[in-house]
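A short worksheet on the structure shown next.
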Amino acid sequence: MAAALHQHRARNQKKKIALAGFFILSLICVVADILIGSQGLTLTQVLAGIFHPAASDIASRVIIWDIRMPMSLMAPLVGGALALAGAQMQTTLSNPLADPYTFGVSAAAGFGASLVITNVIAIPFIPVEYQVAVMAFIMCLLTTFMIAGISSVKRVSIEGVMLFGVAIMFAYDSMLTMMQYIATETQLQTLVFWQMGSLDRGSWEKITVLAIVLPVVLGIMMKDAWQLSSLKIGQERAESMGINVNRLRIKTLLLVSLITSLSVSFVGAVGFVGLVAPHIARMVLGEDQRFFLPASFLLGSVLLGLASIASKTIMPGIILPLTVVMSMVGIPFFIFLIIKKGGKF
């Protein structure tokens, strides 16, 4: 008994060390992202601009504080949010291929945002700058619960749910194309640029919103970690342990909709972070939600941080859309998962 307890503690200690390593990696990505740019600032200039801004020249200060830092800090926050959303969709829907992008949730948020951008819908009593996020959240919520409803039908297989999600994604993409068709030139430019996914929209205000919302959401999910872990043994067994599975799913999917809608409304559609990061976390740390959730968040931060760095270095002088960079990694990984499982999940 004592030996088993010692082994359990040793495994948990290794998992904590792995989490610390992921955290350090995410910090390295942020620092590297701030350093890389077309202006070619040195490490000394960047550090001076961050810690002693008054002593830096105006140009360096503007580049660091108004351009690079908002983009570099948005990357880990949005990446972590999308990875967390993907991890919880995979858990609550019992589908290893679930993520906001592949299941059309990001596309739903995009369509909701397009309704506001093209002035088709205006929400009274809400400032214009927040209407995009509100409509994105509403559409995310509707789509997430549609998918949850299909998933709860016993005769519908995991593959069927996946195909339903793909169908939703195509449906929203077609409606988004319609919005582009009726948009003005300025609105069209905004929609196309926004659809590609870019950290250029990062701002200190958006960073503040995510920095407040994400710890609260992660805290709620961590509080439910034991109940979420129990879902892996099946709904009936989880219910026999006194867990209200339906209430847990609804609460979790509400949180998923919130963080997905914020992420998409802030930086646009970014694919595959929510698919790749949770699977890496699962391979390294297993299904225990106490470690799986923070690991997914941190690995999502690392992935989008690396994508941000790659978007600036693949073609010097040009910042590639995040969707392009993430697709280079996400699509092969998606195919790998299907081949690995032999098409059965």
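Cβ coordinates are placed from backbone N, Cα and C, and glycine is handled just like the others.
All TrEMBL annotations are machine predictions without curation.
Listed features, source TrEMBL:
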| type | residues | note |
| --- | --- | --- |
| TRANSMEM | 17-36 | transmembrane segment |
| TRANSMEM | 71-89 | transmembrane segment |
| TRANSMEM | 101-126 | transmembrane segment |
| TRANSMEM | 132-150 | transmembrane segment |
| TRANSMEM | 162-183 | transmembrane segment |
| TRANSMEM | 203-222 | transmembrane segment |
| TRANSMEM | 253-279 | transmembrane segment |
| TRANSMEM | 291-311 | transmembrane segment |
| TRANSMEM | 318-339 | transmembrane segment |
Contact between the transmembrane segment (17-36) and the transmembrane segment (162-183) (at least 3 Cβ pairs under 8 Å, separation 6+): no
Annotated stretches the transmembrane segment (203-222) and the transmembrane segment (318-339) touching (3 or more Cβ pairs under 8 Å): no
Long-range neighbours of the transmembrane segment (71-89), counting only residues six or more past its ends (CB under 8 A): 26, 29-30, 33-34, 95, 98-101, 103, 105, 144, 199-202, 206-207, 210-211, 214, 217-218, 221, 228, 252-253, 255-256, 259-260, 262-263, 266-267, 270, 273-275, 277-278, 281, 292-293, 296-305, 307-308
Proximity verdict for the transmembrane segment (318-339) and the transmembrane segment (253-279), three or more C-beta pairs under 8 Å: yes
Other parts of the chain folded back onto the transmembrane segment (291-311), taken as Cβ under 8 Å at six or more residues beyond its ends: 12, 15-16, 18-19, 22-23, 25-26, 29-30, 32-33, 36, 71-72, 75-84, 86-88, 199, 214, 218, 221-222, 225, 228, 270, 273-274, 276-278, 280-282, 284-285, 319-322, 324-326, 329
